Amino acid sequence: MTVKTRFAPSPTGYLHIGGVRTALFSWAFARHHKGEFLLRIEDTDLARSTAESVNIILDGMKWVGLNYDNADNVVYQTRRFDRYKEVIAELLEKGHAYYCYCSKEELEAMREKAEKEGSATYDRRWRPEVGKTLPEIPSDVQPVVRFKTPLDGVTKWTDLVKGEISIPNEALDDLIIARADGTPTYNFCVVVDDYDMGVTHVIRGDDHVNNTPKQINILKAIDANLPEYGHLPMILNEQGKKISKRSGDTVAITDFGAMGILPEAMLNYLARLGWAHGDDEFFTMEQFIEWFDLKDVSPSPSRMDLKKLYWINGEHIKITPNGKLAELVKPRLALRDIHETEKPALEDVLELVKDRPQDLNTLADECFYFYVKQTPAEADVQKHWDDEAAARMLRFAERLEGLEDWNAEAIHDLFKPFCDEEGIKMGKLGMPLRLAVCGTAKTPSVDAVLALIGKEEVLKRIRA
């Protein structure tokens, strides 16, 4: 059997990080088992689904690098209405579905009664049964189509995350599978799609647990093989509450990109939300695919920790090739009006500075002063700069100007003799020198920084 999983987002807004985590686990499960990972766009909500939102999903999947095997044949539910109608007709013909002519007023009365009695909402008055007389068909009501849910027994499955789950069928409604206008409903479309796509494992959020028995019963009615189900725990915010944009939480995957998070780091972090492989925190996607098993997914909710995300991002920045980092940093430098990054070469700059920043925006800040001197912070000026420091910088510039070989080692060899002559410690030279050349007191080794910036530019900045 070829394992087939799917990710099935609705294009009604941004691509949520919870959705990306679901896609990641589905993708990793398929890749681990040498199977297929498929994408389906559930766009039957015509009022809310937009082409822009579809593009947001596709762009988000591309950004994080979750490649799907049906890229040339993505399934769109709105293109499958004829297929849904065909299956509904089959269910009606075989007696697994029926027309319901209840008015809105009747349904509202049933709903109120059900809330009081704790029973299923619909009283099945239009459900055909042996010896039962159905009401007279009203002339002013367009019928919906309802599925005939079994009245006895239980619907159960062994959830790949939550374990054994059993739901009494008497607790289930005869759900609507086609609205009065003929459009199919969510739970029905999902079943037909999973069946036609050959999905073997449905991995999704645990907010879908209640949909599962309904979908299993429909699958049985169409004589389909049942997929296995795994329901993933919710992701909570740092306060332990449901993630919400309204609460100020970052929820859209594209927002994390704007924050300077690498896609590899984002996936690494999301993988650790609810899944664990020993104490491993930092790993590649190749390792994740090798290690991933749904039995290692906790059924308990996970909590966001932005500090941990940034730490993981910093670790990924360290191992990212400088050429790739340069392409990511250049647009951020361009926003600061830095368009020429040849002198010094940006890749050389990144090699020097990339061990400290934990996001690409901060990394760009670290590169900035190699091309343009920053305006020093007032606190740094107060602490490290005065008239004597200014005079000392001019004297040290003369030593620098006398160097024939301009490299970090030659520059470093000037420090101790100069400090001895001046009767100062290295801090009295190094910190003002950083301010004079870079405009900041926080840089990597100052000799390496000066070597990269170049002799002419260093002398120009000191003497400015």
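Residue positions begin at 1 at the first shown residue.
Glycine too: its Cβ is placed from the backbone N, Cα and C atoms.
Per Swiss-Prot, the listed range annotated as motif ''KMSKS' region' is 242-246 (candidates: 112-116, 242-246, 357-361).
Your range for motif ''HIGH' region', going by Swiss-Prot and the list 9-19, 119-129, 130-140, is 9-19. Per DSSP, the secondary structure of the motif ''HIGH' region' (9-19) breaks down as 3 helix, 1 strand, 7 coil. Here the motif ''HIGH' region' (9-19) has Cβ contacts under 8 Å with residues 41-43, 45, 48-51, 53-54, 56-57, 60-61, 205, 234-235, 243, 250-254, 256, 270 of the same chain, all six or more residues outside its ends. Here Lys245 (ATP binding site) comes close to Val251, Ala252: these same-chain residues lie at least six apart in sequence, with C-beta atoms under 8 angstroms from its C-beta. Counting residue by residue with DSSP, the motif ''KMSKS' region' (242-246) contains 2 helix, 1 strand, 2 coil.
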